[in-house]
Amino acid sequence: MQIDRYERRWMVLTAVTLAVLFVAVMGSVLGAGIQVPGIDGQVDPRALASTPPFDRPGLRELGPGRYEATIVAFIWAYSPNEIRVPAGSTVTFTLTSRDVVHGFRILDTPVNTMVIPGQVARVTHTFTRPDTYLFVCHEYCGVNHHTMYGRIIVE
Amino acid sequence: MSLAQRRLVSWHLYVAVGALALGASMGPLQALEHMGIDLYRYVPFLASYYQGLSLHGVLNVLVWTTFFISGFLTFVTSATLRRPLYSLRLGWLAWGLMTVGVVMAGWAMLTNQATVLFTSYPPLKGHPAYYFGLTLLVVGTWLVSANLFLTWRQWRREHPTERTPLGAFGALVTFVMWDLASVGLAVESLLMLIPMSLGTVEGTDPVLARAFFWFTGHPIVYFWLLPAYVSWYSMVPKQAGGKLFSDPLARLALLLFIPFSIPVGLHHQFTDPGIAQGWKMVHAALTFVVFFPSAMTAFTLLASLENAGRARGARGWFDWFFRLPWRDPSVAAQLFAMILFALGGISGIINASYNLNLMVHNTAWVPGHFHLTVGSGVTLTFMGISYWLIPYLTGRRLWSPKAALVQAWTWFIGMLIFGRGMHWLGLLGAPRRTMLGAATYAQLRPDWALPSVLVGVGGVILAVSLYLYLVQIVATLFFSREPAQVEVPEAEAVSGPEHAPFWFERWRLWVGAAVGLAALGYVPTLVDLLTRFTPVPGLRVW
């Protein structure tokens, strides 16, 4: 099989471009530590009321400037749907769903995870500037899906 | 081609166009809703925005594509092998099963009993008829593929030393890939969704179901795309007045989709909890690999089109582009499809980029992306194909080539505006598959207003284009009286099929590579999810 000179150059160029892009992605994972969700535990969605930490959803201070926010998603709201933290706080969000698949996207941040019944999702973000951040459900979860949201108030 | 066989192919196209008519008609309603104009309340049979969205998704991406592909590839295989289909009866059986399936799923959706969207994620619980119907649709495609493989085997016995003609070769590659890929959906449907909807199990594991779904759910995009590639490679160069640049590399590009299309599905689950980051990274890398044959395709197509432009008297560097037969609606539609597909491919690379995906996952960006790929690269190509195929099959001239040309232009312009709006909305964080105009938080985001207007305007232009297409098909069937003189376009190549190595047609080799790579990419994750199986009861939430 003969390959045209220009076509061979194009193929090499494509391969190099893809390799460079992939290395850049790896760099942001290892260097900047921007991670996607992984395996963070499981929970029986029918027994959330008796399973810590989901039996008492809310904000907990772990140390100076470090918080854990436990959030339960259900049709069609989050509990809690409002969280207040001081600017500069690093917040770990621990989420699960009581019923169907939901989403959790904090607008204007890289925080983005699915909230799947049976699975625990854990994501961490540092809020540097004071503002009100919306978080919204981004997975279709029924007829009032578009009413499911909450806020993080960074003071 | 015999009249009986033309009839079989035609009926595939009729169901395809019928599904598109209903499914795509929902599109402008959704686009206008985003802009704040709610026309849904005037549609009597719709209970909610999401019911319309389910119809839009299922009828367009599952029914329109599957029926068009089954009809078109049956046609291509038989036409380029120059022999009748192995069994007409098997062909009609496949069509019948698929049609019964669509009627069942359609009934469930139209009666608001399966408002689960085309991804049907459990524990959303639709009516069993919906899941049975879609299962029949998939089983039908297996019968279609069996018919094509058997037709090819007969041909091979009579032509033991020849290379398979490129058109038939592409059709076989498409179905080899699809038969392997659709196993995931079959497992999810038979072992998880149907038992859940019948209530014979206490529940099902949503993450495991999603893993099976996306096992098929990413390669399904290549099931849609490869038939478009078959047309672009083996027909468009001829229609444009030139030759295919390289037949062997066209074959190689098509073949690479067999092993590399399947172990990439986890890139739809980058943000799913319960799946290890390492395996997500592996799928991210393999997604970059499967971009490679599409990049090869871009080169071969541009070189072939340049060849056509020069054959039509072009000089200089870029003149060839403008010398292409832009007045031929079939060619224009497919050239526009290629341009839009290239843009969609670029946004796809961003989706696939592991953590970059966090910025766009499940935002309006994603439907923006797939309206440029399946909604344009594939759909507009199929529309372009039907501008010669329907006259060929029916013997009736196209009712109005001018209207067809306007249709291609309006789809192109409408999709550019719509796609721009959706990608922009996504970058601003607007969630996908959401009734944005009624969202309680939308007024807190005034920056979503302008891109939403683009979405609405683009959607209206697309609606005009859609109805031009539907009128064209109906008018060609019923009002066009002039006989058509249509030849099946079959492109010659600058570097011909005789340069392709014979192991390109050792199907066992390619299937083996695909099975091996799919197992490597999926078995550890699936075993892990099975050992942590967490049943969740099904729910109706609409």
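From the backbone N, Cα and C atoms, a Cβ is placed for every residue, glycine too.
Predicted automatically and left uncurated, TrEMBL annotations should be read as such.
From a predicted model like this one, the values you see are computed outputs, not experimental measurements.
What TrEMBL records for this protein:
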| type | residues | note |
| --- | --- | --- |
| DOMAIN | B:1-477 | domain 'Cytochrome oxidase subunit I profile' |
| TRANSMEM | B:55-78 | transmembrane segment |
| TRANSMEM | B:90-110 | transmembrane segment |
| TRANSMEM | B:130-152 | transmembrane segment |
| TRANSMEM | B:164-187 | transmembrane segment |
| TRANSMEM | B:207-229 | transmembrane segment |
| TRANSMEM | B:249-270 | transmembrane segment |
| TRANSMEM | B:282-305 | transmembrane segment |
| TRANSMEM | B:331-350 | transmembrane segment |
| TRANSMEM | B:370-393 | transmembrane segment |
| TRANSMEM | B:405-428 | transmembrane segment |
| TRANSMEM | B:448-471 | transmembrane segment |
| TRANSMEM | B:509-527 | transmembrane segment |
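Counting Cβ pairs closer than 8 Å and at least 6 residues apart in sequence, the transmembrane segment (B:405-428) and the transmembrane segment (B:509-527) reach fewer than three and form no contact. Under the criterion of 3 or more C-beta pairs below 8 Å, with sequence separation of 6 or more, the transmembrane segment (B:207-229) and the transmembrane segment (B:90-110) do not qualify as touching, having fewer than 3 such pairs.
By the Cβ criterion (under 8 Å, sequence separation of 6 or more), the transmembrane segment (B:509-527) is in contact with the transmembrane segment (B:249-270), since 3+ such pairs are found.
The stretches the transmembrane segment (B:130-152) and the transmembrane segment (B:90-110) are in mutual contact, each linked to the other by at least three Cβ pairs under 8 Å (pairs 6 or more apart in sequence). The average pLDDT computed over the domain 'Cytochrome oxidase subunit I profile' (B:1-477) stands at 97.
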